[in-house]
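Encoded as structure tokens, the structure appears first; notes follow it.
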Amino acid sequence: MRTQYCGQVTAAHLDQIVTLCGWVHRRRDHGGVIFIDLRDREGLVQVVCDPDRAEMFKTAESVRNEFVLKMTGKVRRRPAGTENANLTSGEIEVLCHEIEVLNTSATPPFQLDDENLSETVRLTNRVIDLRRPQMQKNLMLRYKVAMAFRRFLDGAGFIDVETPMLTKSTPEGARDYLVPSRVHPGQFFALPQSPQLFKQLLMVAGFDRYYQITKCFRDEDLRADRQPEFTQVDIETSFLNETEITALMEEMIRFVFKESLGVDLPSPFPRMTYAEAMRRYGSDKPDLRVTLELTEVTDLMKDVAFKVFSGPANSGGRVAAMRVPGGATLTRGEIDEYTKFVGIYGAKGLAYIKVNDASQPNETGLQSPIVKNLSEAALRGVIERTGAQSGDLIFFGADKAKVVNDAIGALRIKLGHEKGYVTGDAWRPLWVVDFPMFEYDEDDKRWTACHHPFTSPKDEHVELLKTNPGECLAKAYDLALNGWEIGGGSVRIHRADVQATVFEALNIGAEEQQVKFGFLLDALKFGAPPHGGLAFGLDRVVTMMAGAESIRDVIAFPKTQRAQCLLTNAPGEVDEKQLRELHIRLRQKVETQVEVGKA
């Protein structure tokens, strides 16, 4: 039906007859000559319809935007001065000989080049939205990235094995999506939050190197970088230690970026412990492009009169300072806006000191309402530790450690990018290692797994599982890139006794272990090899590469932040017959919620 894609016609085809198929992107009538920009997934080409061919010209007069056309014509150079350097086909145009309307189109709900559309409008009309050149580029990039992952893993001896989509509900952190069983009344499958247990079982079965690009499902509150269903590049390997696994995965990520974007990432990626990342950046996925850092000053504030600082300092909280070079020029209005911003993260305020004269750490050299309530020794310590100079500003966070880390860590990113405290590097990868095994849930008064309960503790910390779980570090590693976690994994527990001990630390008793994880514990008894792995979020990786604002811009048919599909109106009601077959009865009629406003 066609000889070329529209976007692939170039000067190499001069004087050739080509047949093209595509959509009318734009039609223009200039002095009796009609110009049609014909579009397909590869791009645009300008087609010229001359009135000398009467029948063809009459058809051209009738076409409108988004009509589907088949056009045959001769490739020629554009007149001098009319070239378009933004198009691959910008040096040439096609003089139309024949035109056939393959299909007409209703008036589209919006122009494809309209950049002020709400996300609700875009997602409701997703099919039209996907015709926009940027969306076409995003999904083509997604394909290239996925294929690059596959090429590397295939070449490294990994095999692609599918794992079940209907699985058993197990506690992995987020809520499961449950699927009722028709043939087993009152029982439910769960859609997998990850293939975690199955890929471990494949290692026990001796497959050595596994990968899968697969869908995962988590019924959790959504953010800009989250979806209820997301795509994961899932990887597991046997007989490699933590260092060997991260080295192999680092090689893979460099390969994927080079193949997909032509970008050379640094080698090797730097490594940083979780404790250092939280201390210096307030985040376990720090954006290293931002040069601002947090400085620990908790010990300096224990004896000061300022209760906002001394309170947290003496009750297990944190007081952190962040030096902003040249920041004394910030206006009161700007500081007020930053104060409102940190409030989003639970901070009760944002203390600051303007450093007018760093040589005088007192009310003479420092400007702030809090200076009079801080000792000169504390102020001198702050100036020395932060390295503050005259003309700088120092922000403070004082609260529970989590609030300080979240609030000042977020302020660091916002201020850094807004005011130019950045390195200028395009990509700054970082391995974050030595995560805690557990964190304490104050509400439930119990330990929970920081990653998941199948992560191996460091060899020297196995004994701490029973005596002091809070001090136990894990053989876990995350790959952060520009402030995003793009991948995470760990060495797994391969001994049944250690796995049972971890379950006990999580308050999962022997009976519950057998009910929920008996199949895993049994498998580990039959010569399970040392194994570990990692999973990369394909949606996040592509979002970063594409420079998109949301992962919804790199997924063909995404859900909204209320976990709805505006195109198909899913989820939806089902009829009583289907419910009866599933042995389900609704306790009360549920009001149908209609998505409005922000998507």
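Heads up, the Cβ atoms here are built off N, Cα and C, so glycines get one too.
Look at Swiss-Prot and you will find Glu172, Arg218, His451, Arg492 tagged as L-aspartate binding site. Counting Cβ atoms from all protein chains shown, Arg218 (L-aspartate binding site) has 21 others lying within 10 Å of its own Cβ.
In three-state terms derived from DSSP, Arg218 (L-aspartate binding site) belongs to neither a helical nor a strand segment and is classed as coil. For Arg218, Asp219, Glu220, Gln227, Glu485, Gly537, Leu538, Asp539, Arg540, the entry in Swiss-Prot reads ATP binding site.
The region 'Aspartate' annotation in Swiss-Prot covers 196-199. DSSP labels the residues of the region 'Aspartate' (196-199) in these numbers: 4 helix, 0 strand, 0 coil.
According to its DSSP assignment, His30 (site 'Important for tRNA non-discrimination') is in a strand. According to Swiss-Prot, the site 'Important for tRNA non-discrimination' annotation covers His30 (among others).
Taken from Swiss-Prot, the feature site 'Important for tRNA non-discrimination' applies to Gly81 (among others), supported by sequence analysis. Residues within less than 8 Å, Cβ to Cβ, of Gly81 (site 'Important for tRNA non-discrimination') and separated from it by at least 6 positions along the same chain comprise none.
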In the same chain, who gets a Cβ under 8 Å from the region 'Aspartate' (196-199) while lying at least 6 residues past its ends?
163-164, 167, 170, 172, 210, 212, 234, 236, 452, 454, 517, 519-520, 533
Cβ atoms other than its own within 10 Å of the Cβ of His30 (site 'Important for tRNA non-discrimination'), all chains, total 8
Using C-alpha positions only, work out which of the recorded positions His30, His451, Arg492 is nearest to Arg540 (ATP binding site).
His451
What Cα-Cα separation, expressed in whole Å, is found between Arg218 (L-aspartate binding site) and His30 (site 'Important for tRNA non-discrimination')?
55
Please state whether DSSP places Gly81 (site 'Important for tRNA non-discrimination') in a helix, a strand or coil.
coil
